Amino acid sequence: MQDFWHAASAQLESELTPQQFKTWIKPLTPLSFDEQACMLRIAAPNRFKLDWVKSQFSGRIQSLACDYWEMQVDVQFVLDPTAGQRQAAMQPALAPMPMQPLAAQTMQAQAVPREAPARPTMAPYRETPMATAAHAAADIDVPVMDAAEASTQSYRVPAPAAPAVMGGLSAPPAAPVDDTVHERSRLNPILTFDNLVTGKANQLARAAAVQVANNPGKSYNPLYLYGGVGLGKTHLIHAIGNFMLMENPRARIRYIHAEQYVSDVVKAYQRKAFDDFKRYYHSLDLLLIDDIQFFSGKNRTQEEFFYAFEALIANRAQVIITSDTYPKEITGIDDRLISRFDSGLTVAIEPPELEMRVAILMKKAQAENVTVPEEVAFFVAKHLRSNVRELEGALRKILAYSNFHGKEITIEVTREALKDLLTVQNRQISVENIQKTCADFYNIKVADMYSKKRPANIARPRQIAMYLAKELTQKSLPEIGELFGGRDHTTVLHAVRKIADERSKDAQLNHELHVLEQTLKG
């Protein structure tokens, strides 16, 4: 049986991307093979992986088993019997954190730039007196939601088995959610699973979000989503909240940016209203907290959030967190909080691939009731790779230019509308600039990028530069090879695959690549 699994794993590794193999196949464990019953049993480490492997890979694994034993073999996927031991509840460490003076926190909170103007306060929770008291004491600013924004669209959640398709299974019928519910929760009713474009970059995060929305407090608690700016983290957590509200409009849900949570802690301290503050946050059914990295260095805020987190988990309430980086890479956050973040499911959201970027543009254009030719969408998607917000901004420029000049949207019109943006992109993201940036970063000479030298301190940065050239420019593999001293395209392909595979395993390398990408993108 072990010989079979070794051979099957090798075959699957050659068929799948490194990330797919590492995420789905590597964690599986062959348990037994019954020759009389022709039954192979394979264990998955948790329910999420079990369901996904059964829906996505069971047929291929069964086919490999039949070929190996040269007979019909049934494959049974089960939950790892030792999974429960690994999921044992962590005991809360109640020793107080080092306290930072609240005056200092107040200054830090005020120093953080706010992206949105001050907004009027909305009505507090009416269901519970404690919620009303907390709102009054903390003087929490709640964004106004225009009544026209309350979407009447259906809330359909695609099944995890078909992550690349928008739409799918319908949610159970539910009473309409009125505006005041969204005002209390701070949820944006426009951000749903229905209008989230799904691709390889976010399919795992979306599948986890769907699972949590259907089983709050039971599946993956907390759910921790991380990735760069504009990749859809906020959209996903709003979609979870909106789905839960459709099923239960009386659910106590709160979306809050970490910066606002810091401000609430400061206000509660100033008004001596911590009891009300705690009663409110500890009584929620779902807490959605965005950009948790803003807690860095704010010890009193971390203290209060720790107690809120413990209370919510103990009450089987769901906690969902987003950040721009992996939990253990956040600086200035207490270790016991980091361990809590790591105790659930942590999922990365990557920049969208080409096909997903095209789908996003077409979806956004459809929402604007504008027809954008597919070749235009591909042109934009090929040149803009960073995130969804960048794509949205480019589309707005194209539409504005087209309307102002009274021209149909073509590639020529698009090129003219985006000429400034494309000039910046082409100037910044060139192979030559990548080579210089990598050489400076790793303290080698630019000439080493073209040389035939093979010491590790030179070969490694050169491979990283090749990887970035493939990811961030439009150059083909032969063109990149030519710019790296006339190397063969297979050498470039080897470097790209090697760095891509190691990036998914090596946190330090991933951090270095993130820094280089941000430097190159300006």
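Counting begins at 1 with the first residue displayed.
Positions of Cβ are set from backbone N, Cα and C atoms, glycine also.
Residues annotated as region 'Domain I, interacts with DnaA modulators' in Swiss-Prot: 1-71.
Annotated region 'Domain II' per Swiss-Prot: 71-185, in sequence order.
Summarising the annotation, Swiss-Prot assigns region 'Domain III, AAA+ region' to 186-402 and lists sequence analysis as the type of evidence.
The ATP binding site feature in Swiss-Prot is assigned to Gly230, Gly232, Lys233, Thr234; the stated evidence is sequence analysis. Lys233 (ATP binding site): 24 other CB atoms within 10 A of its CB, across all protein chains.
Under DSSP, the residues of the region 'Domain IV, binds dsDNA' (403-522) split into helix, strand and coil as follows: 89 helix, 0 strand, 31 coil. Here Swiss-Prot flags 403-522 as region 'Domain IV, binds dsDNA'.
Predicted-model confidence for the region 'Domain III, AAA+ region' (186-402) is 89, expressed as mean pLDDT. Highest local Cβ density among the binding-site residues Gly230, Gly232 belongs to Gly232, counted as other Cβ atoms within 10 Å over all protein chains shown.
Long-range C-beta contacts of Thr234 (ATP binding site), restricted to its own chain and to partners at least six residues apart, with a cutoff below 8 Å, comprise Leu191, Asp290, Thr322.
Across the range of the region 'Domain I, interacts with DnaA modulators' (1-71), the DSSP-based residue counts are 44 helix, 12 strand, 15 coil. The DSSP secondary structure for Thr234 (ATP binding site) is helix.
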